[in-house]
Amino acid sequence: MNDNFSKKYGQVFLKDHNIALKEVSFLSPEDNECILEIGPGHGILTEQLLKYNINLTVVEPDHRFVDQLNQSYSNFIKSGKLKIIKADFLKLAPGKYDKIIGNIPYQISSKIVFKILDYDFKMAILMVQKEFAQRLVASPGTPDYSRLTVNSGIRSQIKILYNVSRNSFYPVPKVDSSIILIEKREYNIDIKKFDLFLIKLFSMRRKKISSIIDYHGIYSDKRPYELTIDQLIEVYSQS
Ligand SMILES: C[S@@+](CC[C@H](N)C(=O)[O-])C[C@H]1O[C@@H](n2cnc3c(N)ncnc32)[C@H](O)[C@@H]1O
């Protein structure tokens, strides 16, 4: 295929097969699991995934890759083991999969993570920009601690598993990457309403909570970025 990289689709491609193997081994596919891959591109992860006895669905908006995958994996498609959806993942209605995997475009990483968290799934393995991974797992009181950390932290447990050099990709991007694990967890809050509350608080992250919202409890003098997730939920439920 003539590589005409699309900036619009955030196309940098993993060239290190050992990293692809590592990601798939982190995912640990089990027999008959339904697995979703976001943004297969040339299929470096797809190829490894198809070695397992799983049902694989891949979502890719770029018709060039869809055509390439349709050709390379026609037997898997015929046997029903592989389904290729030509679409923007962000526009799909959330579904149910056992596991999700993807080396996702940097510029829409937070939208993709928020969308994944609307899915019914057990765990996801994603390759993301290193700095983005650090924002996901940031501790309260640090500059990286944000609405993204809290929103994703309520709905899941996230860990950085492995850092990947920019030199493992082509064309070489300006940033390094990290492989992260997302494990979905149960939560008991209206996430849409809570997120609106977070947007308001974190838009003034250095102001005292009592000067942002009508709250006069024990955390009034704290700043939003200083509170743990549980403390933010407490403020939300009392305001
Ligand atoms: C960083 S590249 C990774 C490609 C391949 N998985 C790899 O590791 O080499 C991101 C891929 O996501 C695709 N992509 C971009 N926007 C997307 C979207 N909204 N939904 C699904 N895939 C998207 C791109 O076309 C590209 O194939």
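Placement of Cβ uses the backbone N, Cα and C atoms for every residue, glycine included.
TrEMBL does not curate its annotations; it predicts them automatically.
Record note: TrEMBL gives Leu14, Gly39, Asp88, Asn103 as S-adenosyl-L-methionine-binding, and the candidate from Glu30, Glu47, Glu60, Glu131 in that site is Glu60. Residue pairs drawn from Leu14, Gly39, Glu60, Asp88, Asn103, the listed S-adenosyl-L-methionine binders, are separated by up to 20 Å at the Cα level. With the fewest other C-beta atoms within 10 Å around its C-beta, Leu14 stands out among the binding-site residues Leu14, Glu60. Confidence over the domain 'Ribosomal RNA adenine methylase transferase N-terminal' (19-186), given as mean pLDDT on the 0 to 100 scale, stands at 97.
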